Amino acid sequence: MQKSFLPSEPTTEKGTCRPQGISYAVAKKKKGMTVGFVTFETVEQLRNAVEVLKENQSGGKQIKIADANRRSHQKLHSEGPVSNNGAATENSSDAAAPADGTSGPEAAGASKRTVRDAVTPLAHMTYSDQLEHKKSSVAQLLKKLTRNAKKACPADVTLPDWISNAKQIGGLSCKLEGILESPVIDGYRNKCEFSVGHSLAGKKTVGFMLGNFSYHAYLRGTELIILGFGANSQLFGLIMRCAVSSMQYKFPVGSTTDKLYFLYFQVCSTGVDEVLMKDEFAKLSKTLVQGAATCSPPLPLTTIVVQFVNLICVTVLCDSSDHTGISNVAPADCPLIPLLVPEVDQSEEGAVDKTRIHDHISNLRFSLSPTAFFQVNTLAAERLYTLAGDWANLNSDTLLFDVCCGTGTIGLTLAHRVGMVVGIEMNESAVVDAQRNALINGIKNCRFVCGKAEDVMGSLLTEYLGSPQQHIAASESNSEVNGTGKKEDIVGDAENNGKSTESLTEKNESGEINEDLDDGISKELEGGHEQCNEAVCNQNSEEASSLVNEESVDAKAADCSEHTKTRKEGSSISKNDVLAATACQFKNFVAIVDPPRAGLHPTVIKVLRTHPRIRRLVYISCNPDTLVANAIELCTPSTEHREKNKGHRGWRNMSSAGLARQRTKSMPNSEPFVPKRAMAVDLFPHTSHCEMVMLFER
Ligand SMILES: C[S@@+](CC[C@H](N)C(=O)[O-])C[C@H]1O[C@@H](n2cnc3c(N)ncnc32)[C@H](O)[C@@H]1O
């Protein structure tokens, strides 16, 4: 990569790709194309880059080059400037003026599209109207599920009751129980992410990006403490997290002193001199600390952490060894460096580990890595988890699978209601956090497994529940046929198979998974999914969390991490693993799944559906569209005459529901789930988003 090709601070000169943006490169997939966006410091650099690109090919094809932003730039101008009135009156010309009083394009006249429009599009409605609006969106999705499952139902199979009776409840696939409101409506977020860059007027700005690569809007309030960057700063992201203590902890909810502020910067240091950068950071932390102290009331700023994200613009050259994501969010493993914060707060949280965030849910204390997922509305999350637990019908005979468990929040808050929790999470630092959180709270009946659910779920189910074949064979021999099919159907040719399903198939065909449960478990474990082996089948310890020393917790969590690594490198199983597996004799097997926006991987759906001992599944979704797609696969009856999986190629342009309907055709013959109840949970007041919870049973 030529130095002159590196993107840097943009200019508004004619010909730049993106006027007044910040320096970074992204790639977007668009109809089979990868589109990269790059900014340049000078027109000369731009020309240089164009020459380089013209001479290069990607995958045998010429790279097309175009001015990415001119059109939207002009459009935005002709529409009127973007302003920030996020916290102020809507569309008032006063609100349109930047907080630092600059005049410029942003300040000239009222904007049509404001930060408030972009970030909180429902803010103009009363809260009860917002709830109605969200509830009816969820109702539409339940109707969509019914329609799609009906379409996908094989001709040789009778429509299940929930589809044929749907008319009686307005076409819904199950009862919609309503919407749970957020206990806090304003200022509920414990985390805000801002972009840092230049406005169209060339002002250093902290705020939100209004759409892709359009300019940054001014932000009131928080910008006041953050506007002290030097000209060479190449910050591109700021994440502000605050820990909200809930009732039983130190501060009353709602007072400004109940929050400890944690600032977390993502910095692109590419091409920036190290000494200069050190100097910048020193200035940065000084400015921030001073700003926080002079706020009214003062902000208890405890921590400032910088994360280096060295994105470079090779995306355009399609070099697969570099960043090719479509997002400017830092990967979780980018290095973290805490900046010195003068002793503003030396509470136990501040003193223990400055790079960690602490928060509380349902009487439990959570210690989090800054990049770990944590629900942004802590108090509403408590309600969400309680609801999921209530619907899951838990008791001491329950083995709960917490699928996509993040830092363990769901499993840990429900651990006292079950015999054992097995959490599955792909993000290694989140797994270490979960392990640490179990230790901090003295919870001993949880085990957290690091791996992609699609890779480990099958072998975990076999480990704890036995293989699907065993149960089918048992039920066939007892003449208690429940509608499931032949053995080979269950382990058949899953498309996109993760390791576990594949290995099940292979082993079944070669007869290696035999009727002996222990042997089956050992064989699966030898296949080696990574795990933190803390499986102890007993109830929660009564140990008070305050007795746990975080240093020892650190050490144990690190041990766990090591263990995880060792497993990844393929060590053989330990005896304890088998003991843990066979010692767990539970009667009730429940999964609570809480996947990311993309929903559950098809292999996970298949594994859950084809294991006859999973009778109840609670699905928590932040993207009801993908929930519907997954539900189609979980609930559509299968046929003896299923189609062979034809792969994905022709399905590229299908909707998620269309794709799910296709997949049902190759679903192994298995008892479908039935949607039983649904509920919306409003974790995001003023936005159009909400969580949706559905209970499936069979
Ligand atoms: C919506 S978050 C839920 C986290 C957690 N349940 C909570 O409420 O805090 C989704 C989580 O799924 C994890 N994840 C994403 N894809 C995954 C996969 N294929 N297998 C396992 N975990 C995955 C993410 O790392 C993230 O922690």
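Quick reminder: no glycine exception, Cβ is built from N, Cα and C everywhere.
No curator has checked TrEMBL annotations; they are predicted automatically.
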Residue among Gln375, Gln469, Gln470, Gln585 sharing the S-adenosyl-L-methionine site, where TrEMBL lists Glu425, Asp594 as binders: Gln375
Number of helical, extended and coil residues in the domain 'Methyltransferase' (396-459), per DSSP: 29 helix, 17 strand, 18 coil
Winner by Cβ contact number (other Cβ atoms within 10 Å) across the binding-site residues Glu425, Asp594: Glu425
Residues that sit under 8 angstroms from Gln375 (S-adenosyl-L-methionine binding site) by C-beta distance, when 6+ apart in the chain: Ala381, Leu384, Thr409, Leu683
For Cys622 (active site, nucleophile): intrachain residues, at least 6 apart, with Cβ closer than 8 Å: Pro596, Arg597, His689, Glu691
Other same-chain residues whose Cβ falls within 8 Å of the Cβ centroid of Gln375, Glu425, Asp594, the recorded S-adenosyl-L-methionine site, in sequence order: Phe373, Asp402, Cys404, Cys405, Gly406, Thr407, Thr409, Ile410, Ile620
